Amino acid sequence: MQSWLQSLQERNILENFTAGLESVEGPIAAYLGFDPTAPALHIGHWIGICFLKRLAALGITPIALVGGATGMVGDPSGKQSERSLLQTSEVFDNSQKITACLQRYLPGVTLVNNADWLQEISLIDFLRDIGKHFRLGQMLVKDTIKQRVHSDEGISYTEFSYLILQSYDFYHLFKNYGTILQCGGSDQWGNITSGIDFIRRKGLGQAYGLTYPLLTNAQGKKIGKTESGTVWLDSDLTSPFELYQYLLRLPDDTIPKIARTLTLLSNEEIQDIDRRVQTDPVAVKEFVAQDILSAIHGDLGLEEALSVTRSMHPGNLSSLSEKDFHELFAGGMGASLDKSEVLGKRWLDLFLVLGLCKSKGEIRRLIEQKGVYINNVPIANEHSVCEEQDICYGHYVLLAQGKKRKLVLYLN
């Protein structure tokens, strides 16, 4: 087995690969696709970005493909129902933004857009020169298509054709860039093998495929969402603090997989994490989360996240800016009430209204134990009320029950 493939296998990030890849000698070019279904990349895309970076470090020539054409069709992989089609202008705008993002994260990597070749193919040419090489029987047994065909909603011809378009991408890159390997998440295996078969039918030679595991929880659901929605790599959509807190809140048993897929730590460092996570999962999770955050947002983004995190500890509020409060509120830690409903009211009653405690008995006990905080200061007693001086920047109050359960109250 080639050393680069063995390195991926030792890291336990090989889900599947086609027979013969382990024996390929000489330079290898590999590609991975990113469809512009949104104006930014999300945490799931970071797996692919790290994978391309890792391939480059192992001597493979990486190519990143932006799906300017396939993004207008929609990949049915992993979807229970059909995607809503985006306007052409949206896909174009998204493609430009994602290309810029990939250029920042993957400097020096070749970037291509499949709109450059797919939009040049006429319908007749598509049916005659491409479609005739695909057999319905083979397409219908692909897991993604089979599941959708037998679902209540079914699958449209548009999404059914996605597999053919992705196969043509592989053919185009094989023919024009010498790209013999396509990589992707485990849900892309059917699309990848169809491309390999298409290249063989066109008489170009042997192509290969490789998939890595998706980031999932114990129930097999994709990880990558919070209460407020998708976890984006764009700091304007998901702040560094939100991303950091999201990573810290992931279950301890996901740490080894996160370290393998979302970082560029060496295999030796990964093995060390496997050992340390058994005895000190909190410290290991913080280490891994900070490594990821630094890679995505740089040292300044990491320091911003750590600064806000420190400010939320009891006794530390002064460094929280109005922007920090807004991001905490918008990031799923917020609730809003009219100021008239809060001023002069007992905090004991407000904590119940906001769901931070289950009963007055519970909150009285916590107040006695100095476990209820307003702006990181313990509530003096159960008769304490909300006063104007408790409101930061005219709108915000930071409430906490214990050290971990926190809420930013926005007053209208």
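Glycine is no exception: its Cβ is also placed from the backbone N, Cα and C atoms.
Listed features, source Swiss-Prot:
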{"type": "BINDING", "residues": "Tyr31, Tyr162, Gln166", "note": "L-tyrosine binding site"}
{"type": "BINDING", "residues": "Lys225", "note": "ATP binding site"}
{"type": "DOMAIN", "residues": "345-412", "note": "domain 'S4 RNA-binding'"}
{"type": "MOTIF", "residues": "36-45", "note": "motif ''HIGH' region'"}
{"type": "MOTIF", "residues": "222-226", "note": "motif ''KMSKS' region'"}
Taking every pair from Tyr31, Tyr162, Gln166, which the record gives as binding L-tyrosine, the longest CA to CA distance in angstrom is 17
With an 8 Å cut-off on Cβ-Cβ distance and a minimum sequence separation of at least 6, pull the same-chain contacts of Gln166 (L-tyrosine binding site), or say none. Gly33, Thr70, Asp75, Asn191, Ser194, Gly195
Spatial neighbours of Tyr162 (L-tyrosine binding site) that are distant in sequence (at least 6 apart) but have CB under 8 A: Thr70, Val73, Gly74, Asp75, Pro76, Asn191
Can you give me the average pLDDT across the motif ''KMSKS' region' (222-226), rounded to a whole number? 68
Output, ordered by sequence, the same-chain residues six or more apart from Tyr31 (L-tyrosine binding site) with a CB under 8 Å from its CB, or 'none'. Pro62, Ile63, Ala64, Leu65, Val112, Phe170, Leu173, Tyr177, Thr179, Leu181, Gln182, Cys183
